[in-house]
Amino acid sequence: MEIILANPRGFCAGVERAIAIVERALEKFGAPIYVRHEVVHNKFVCDDLRAKGAVFVEELDEVPAGSTVIFSAHGVSKAVREDAEARGLKVFDATCPLVTKVHVEVGKMRNQTREVVMIGHKGHPEVEGTMGQSQGGMYLVETADEVAQLQVSDPLHLSFVTQTTLSVDDATVVIDALKQRFPEIQGPKKDDICYATQNRQDAVKELAGKCDLVLVVGSPNSSNSRRLKEVAVGRNVMAFLIDDAEEIEESWLRGKQHIGVTAGASAPETLVERVVMHIQALTGASVTHLKGIEEGISFPLPKDLN
């Protein structure tokens, strides 16, 4: 049996930055440091930060006035920012710069009096943050079927943006449907789906062609991790999304010769290592690393935390 590791996998630059912001704030200001929403969607990461003194909350009214709060990598609405300022909170923004780019795009589009269609998953915090960049003039769609039902005020002045962690293939289908229904619609100058999402999905496509089972390390509330599983399944390969090695069922491994392993952008490499060791303990499998893109991207921390 062979374990094949996808490349790239695991942490992206936005996740590394978000985690570093929480850790640096704890070092500089001490516990507790409040974080609005899970800073990244990974149970292992959040449990580790919680043990160090981070307190995760869903709404700012859970944060005592005058405290330090960090916005998660997924971004927040303008209303949340205004609320934080009104309550005198010291804010550090861990929003991924690639999500911020989408927020800026929405602002420019609305300033041009264009309505904006966002392609994304309803209820996801990134979508809520991006939709909250404008009071009105925005629509949310997830599928081509929803595009067919969409009614807008002015089809001639319409733009679209996307959630950064979508399936590239699924997003393309929805974008094509938008362009067919609204021929004058305009998109961003550069694709909103982030480099890490694209690279990890491409790596899984390669991996799926070499494996009869794919394990995606990531939490179930991680959008990009779920998309990786979907990409593998779309290549007609059995795939499972797991938080940690202990979730692996031995029955999955029976009769398999090549087991692919990857990780979502919010999953640390230590979890991948646990999965590899667990499979090796059960099967004695060898390990092969696929070649892939060397990303080499990093984002700076806020000045006050340097």
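Each position is counted from 1, following the chain as shown.
Every residue gets a Cβ built from N, Cα and C, even glycine.
Within His124, His157, the residue that Swiss-Prot lists together with His41, His74, Ser222, Ser223, Asn224, Ser266 for binding isopentenyl diphosphate is His124. Among Cys194, Cys211, only Cys194 appears in Swiss-Prot as part of the [4Fe-4S] cluster site alongside Cys12, Cys96. Sequence-ordered, the extra residues of this chain that approach the [4Fe-4S] cluster site, with Cβ no more than 8 Å from the Cβ center of Cys12, Cys96, Cys194, are Ala13, Gly14, Val15, Ala73, Pro97, Leu98, Val99, Thr164, Thr165, Tyr195, Ala196, Thr197, Ala265. Burial estimate for the binding-site residues (Thr164, Ser222, Ser223, Ser266): highest at Ser266, by number of other CB atoms within 10 Å. Ranking the recorded positions Cys12, Cys96, Glu126, Thr164 by the distance of their Cα atoms from the Cα of His74 (isopentenyl diphosphate binding site) places Glu126 first.
Long-range Cβ neighbours of His124 (isopentenyl diphosphate binding site) (same chain, at least 6 residues apart, Cβ-Cβ under 8 Å): His74, Gln163, Ser223. Within the same chain, residues at least six positions away from Cys12 ([4Fe-4S] cluster binding site) with a Cβ under 8 Å of its Cβ are Cys194, Tyr195, Ala196, Ala265, Glu295, Ile297. Within the same chain, the residues at least 6 positions away from Cys96 ([4Fe-4S] cluster binding site) whose Cβ sits under 8 Å from its Cβ are Gly14, Val15, Arg17, Ala18, Ala73, His74, Gly75, Thr164, Cys194, Phe299, listed in sequence order.
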